[in-house]
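Before any comments, here is the structure.
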Amino acid sequence: MSSLPHNHHYETHHRGTAEVPFDELIGVTPDGVPVISNGNEAHFSNLESITAACLPLSSFERKAPCKQPYRKMGVKWQCVEFVRRYLASRKAVWMTSLCTAEEVWREENLFVDVRDGRPVEVVRTPNKSTGPAPAVADIVVWGEGPETPFGHVAIVTEVCASCVRVAEQNQGFEKWPEDVPFSREIAMRTTESGEVELLDEDPLLGWVTVQAPFYNFDDGDLADSFRLVVGQGQILRQPFPKHVDVPWLNTGEECDTILKHSLVVDGNMGEGAHAEEGDVPGAFYFLDYDMFCRLGRAASSLHRIAMAATAKVLEDPESTHLLEHYFGVPPEIQPLLRRSWEMTPPMGGRFDFGYDGKNVVMLEYNCDSSGALLECCNTQEKMARFYGVSQGTSTGSFLGAKCVTYFQRLLTNEKVCPQHRLIHFMIDEDDEERYTARCMMGFAEQAGFRTKLCVKLVNFRYRDGPPSNAAPLATPCDHPTIVDGEDEEVLMVWKTWSWDTVLHQYHSQRSSSDAVNTPTLSDILLNNNIRVLEPLWKAVTGSKAILPFMHALAPDHEHMLAASFLPTREIISRHYISKPVNGRAGQNIMMYDPVTSPTELEGAPQQDICEALSQNASARSLLNGSPLPLSQSVDQTNECSPGKFFDSVLVYQQRLFLKKFDGKYFPIFCGWMVGDEFGGVVVREDTSKITKLSSMVVPARVVRDNVPLGVSYSDEGET
């Protein structure tokens, strides 16, 4: 660090005597926007500040840079860059390019709404005028002067009785103290005639009010895209008293009624209904802004890689072999899978992220599942209201809005959307499937679809002739038309059955000699007239067999563990696990100690699928290799899980040691994807190191403000 000169300008603008180096954090505003050091006022880096969500997380993404609009924030770390980033982060408003900071005062048509590009109006209040006083998020503008040769801009962060506090870049370079979340104070006075004046030795022109509300995170997360991640992030688990009568659930709502029925003892919904204590959450997780953004960007990035890996599998010269032997898709079904890849967009899924106290790492991608949807988008907010937890917002606040948007887009997709706009929601006889389906049906209906709930396979039958309500651009096929009990054509289905289950039933049906006159599960979901959500190609993307392909494309990704079909030297030289590619709910995961035998390490495969793919070679010969038998030592200090979903190939993966909270709990942070967009976070925790179907969903909050995590609470019932 170097000393600052002691002249009038520095003495009035700076608190300390030492500069924070260029590109390092000075402080964070009360509402969560970082201020970064430019080093000194004379420095012009000529380096571009890129919208945070566009920054690549691996070499794979650096090969195909983000091309979305509103990507360039300005020159690092000038005052204009900060104002542009602040407005984008807090209001989803974009400030167009400027030659100098002073132009903010005089140029017209400077601001647009990031969501739709519409102009945003402003009010300019000259200094020492009778206009409105400065308010939080206003832009203070200086003109050209000896110390501000290009003008200057800052953001009002707080208004006090006799001053305003502002945040700014390229004016003041000392680290902010913990209790001083602003750059400086500017004296303010009001004259007897009602004129408001900000007192500063530099030529202060006035303040600009951007007439747009703060961004509503119930509607989406667009504003999060612009937030810089400046630290590893923090997570707090705060215990709360358990209420076994689950009073936050509103039995006047169908979804809540079904959810309560699934929780209470013996399904008793009468007086005294209660759940077992072990079935009710007893805590909230609080995530700071850095952590939430890390999770969201990891999910978005890894989804792109998963899609690219799926394409890689389908394009491989030996794709027929790969699909059959590693993903369980028989050759006769593969044309239907490829058609679904071409026709039907992804709907949703969840990344399971592990956290070791520092790293956030993907464990797997459950993208053929909608479990914990209601709990994420609805229940955890109701719990927050019951407990009086107002800090932050639900980590699923915008999940419902994203689902509605997905269905709205689907409604305009002429390749997919049937003309009668009807979706059949097919589920098994299970409370969780029922309330999840009802929740999703509500989103589809908001978008304009009609819906029907179909429990098991009751009342489906075949009908002669082609469907009359097929999507306008659907390709005719020779598959039979299927109708429901009211003779309405089944042309779009949302399902809870996994594709593993569907394909298993398909194989069983083929090997059976029993005649079947009504449509079976596979007859419906493998019918080329019917578009399915999730589509059949999710049998690839949703399989754990995709993990080695993902790692092959982005081996340096900061949120991914090494994975392979072979016990490679890279994997077995550390703690590692094995798991079946189609295992679910944590079944048959085995944990192993590192292999220490020099002979075994020397004989372990060094090449894996990564090298084959990078050379555009067929992966078949590599995957068919027989690894040397290992003297695998099961990690006796940790847990393994018995059982299998179906017999399948194994994937080997490096192990992450999960952080234990409150000396007992191991959470998994599940990052939702809806379509191709991040949808929020839901947390599942267990006292076991392996998350299972029975693992508790625990409410979570994201705290975007710059405040300590957690709330004060006294157990006095609902507040």
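Each Cβ is built from the backbone N, Cα and C atoms, and glycine gets one as well.
Residues annotated as glutathione binding site in Swiss-Prot, with similarity to another entry given as evidence: ARG350, SER369, GLU433, THR501. Just so you know, the Cβ of THR501 (glutathione binding site) picks up 20 other Cβ atoms within 10 Å once every protein chain is counted.
Residue density at ASP352 (ATP binding site): 17 other Cβ atoms are found within 10 A of its Cβ, drawing on all protein chains shown. According to Swiss-Prot, the feature ATP binding site maps to ARG350, PHE351, ASP352, LYS544, LYS579, GLY586, GLN653, LYS689, ILE690, THR691, an assignment based on similarity to another entry.
Residues within less than 8 Å, Cβ to Cβ, of GLU364 (Mg(2+) 1 binding site) and separated from it by at least 6 positions along the same chain comprise PHE351, ASP352, LYS544, LEU547. What Swiss-Prot lists as Mg(2+) 1 binding site is ASP352, GLU364.
Every protein chain shown contributes to the tally, and the Cβ of ASN366 (Mg(2+) 2 binding site) ends up with 20 other Cβ atoms within 10 Å. Taken from Swiss-Prot, the feature Mg(2+) 2 binding site covers GLU364, ASN366, and the record attributes it to similarity to another entry.
A helical conformation is recorded for GLU432 (spermidine binding site) in the three-state DSSP classification. The spermidine binding site feature in Swiss-Prot is assigned to GLU432.
Annotation source Swiss-Prot lists domain 'Peptidase C51' at 54-200, citing sequence analysis.
Every protein chain shown contributes to the tally, and the Cβ of ARG350 (glutathione binding site) ends up with 27 other Cβ atoms within 10 Å. The DSSP secondary structure for ARG350 (glutathione binding site) is strand. Residues or ranges marked as site 'Transition state stabilizer' by Swiss-Prot: ARG350.
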Open item on the list: Cα-Cα, whole number of Å: ASN366 (Mg(2+) 2 binding site) versus GLU433 (glutathione binding site)?
Closed with: 16
- [ ] Reduce the DSSP letter at THR501 (glutathione binding site) to three states and note it down.
- [x] helix
Open item on the list: Please report the distance from the Cα of GLN653 (ATP binding site) to the Cα of ARG350 (glutathione binding site), rounded to the nearest angstrom.
Closed with: 19
Open item on the list: Can you tell me the CA-to-CA distance separating ARG350 (glutathione binding site) and ILE690 (ATP binding site), as a whole number of Å?
Closed with: 16
TODO: Sort out for me which one of SER369, GLN653 has the most neighbouring CB atoms within 10 A, since those are the binding-site residues we care about.
DONE: GLN653
Open item on the list: Give me the long-range Cβ neighbours of GLU432 (spermidine binding site): same chain, 6+ apart, Cβ under 8 Å, in sequence order.
Closed with: SER262, GLY371
- [ ] Sorry to bug you, but what's the C-alpha spacing from LYS579 (ATP binding site) to THR501 (glutathione binding site), rounded to the closest Å?
- [x] 18
Open item on the list: If I take every residue in the domain 'Peptidase C51' (54-200) and average their pLDDT values, what number comes out?
Closed with: 95
